[in-house]
Amino acid sequence: MLNFLRTTLSRSLRMFYTVARIMVPIMIAVRIAAQLGLIEQIGTLIGPVMALVGLPPEAGIVWATTALAGIYAGIGSMAALGDSLSFNVAQISVLGTMMLFAHSLPMEQAIVRQAGASFWFTATLRVVCALLYGSLLAWGLNSAGLLQEPVSLAWLYGQSNATQGGWQGWIDWLWGTASSLFMTWLIILGLLLTLSALEKIGFTRLLTRLLLPLLRFSGLEERVAPTTTIGVLLGLSYGGALIIDESRQQNYSPRTRLLALSWLSLSHSLIEDTILILALGANIWVALVGRLVLTLLIIGLIARLTLPGSALYRRYLACASHPQDA
């Protein structure tokens with residue numbers, strides 16, 4: 001038991017160091033942008049898009065940061081914006097799910113391209129699905145009056161103030177940033193403990209068995225479904241690497257790679273990333289179940305539109321026969 005705790009603590013610190021190297025520059029950049037008045041200008045530009053999904057303009061900064069640099073970077077920008085952001089459960093669920101759909105696009109879609117699917121098609125697919133799902137959720141939840149309770153993120157940004165100037169403002173910001181980073185480490189530690197517990201009780205294996213029929217139902221070939229399932233659970237980078245390796249051995253068709261990698265693009269790191277977003281206050285039905293349902297529908301649609309020999313597949317979606325040439 002002591003060895004497990006020691007190992008977990010050590011791993012959490014290593015992960016935190018990696019994450020902090022991403023978050024801190026983002027937090028500094030957002031702080032400087034706030035001091036220069038750029039946040040309001042950026043918010044004005046992004047505002048119309050955020051209005052479609054029922055979010056304040058500043059939320060666009062969080063989503064854009066996430067799309068480019070990853071979920072932890074997005075959380076860092078959220079912490080840096082501080083109390084200039086306020087959400088209810090519906091809004092944080094919408095923003096969180098959009099972050100899950102579209103994050104780390106330059107890095108992850110480069111892996112997808114190497115594995116044999118179009119960079120631009122899969123990147124666009126992620127952004128469009130994020131906006132589509134977000135707008136449908138915002139309309140549905142607001143119309144029904146669901147999940148309207150306020151969410152407090154004070155624990156994330158501490159007492160920092162993104163707009164206060166002078167030395168006192170910077171001192172308060174540094175204290176708030178330190179508090180945010182400490183809470184981030186606690187989330188990572190809790191995440192590792194939760195993942196370990198889920199593995200011990202067999203939940204991960206159960207989820208794998210449950211996902212396989214869904215993947216097959218959406219149109220994936222049975223031989224690629226197990227590999228895709230691993231990526232859905234563990235992450236796009238790992239799943240993409242597996243597909244690259246498997247393609248060399250089993251000679252997957254371009255369509256097979258496209259469907260598998262589109263699945264991975266829309267839904268991956270199903271446990272880890274979802275827990276991060278739930279920690280912010282998102283609703284699990286919105287962030288997990290709804291996302292899986294939309295992924296299933298979208299991949300099923302792509303599968304039917306790209307049947308072998310279809311003009312749409314040949315013209316728009318076909319990739320090179322070999323992943324390394326894609």
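Cβ atoms here come from the backbone N, Cα and C positions, even for glycine.
Some features that TrEMBL has for this protein:
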type	residues	note
TRANSMEM	20-39	transmembrane segment
TRANSMEM	60-81	transmembrane segment
TRANSMEM	117-141	transmembrane segment
TRANSMEM	173-198	transmembrane segment
TRANSMEM	258-278	transmembrane segment
TRANSMEM	284-307	transmembrane segment
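Across 60-81, 117-141, 173-198, stretch 117-141 shows the highest tally of CB pairs under 8 A with the transmembrane segment (284-307).
Most Cβ pairs within less than 8 Å of the transmembrane segment (117-141), among stretches 20-39, 173-198, 258-278, belong to 258-278.
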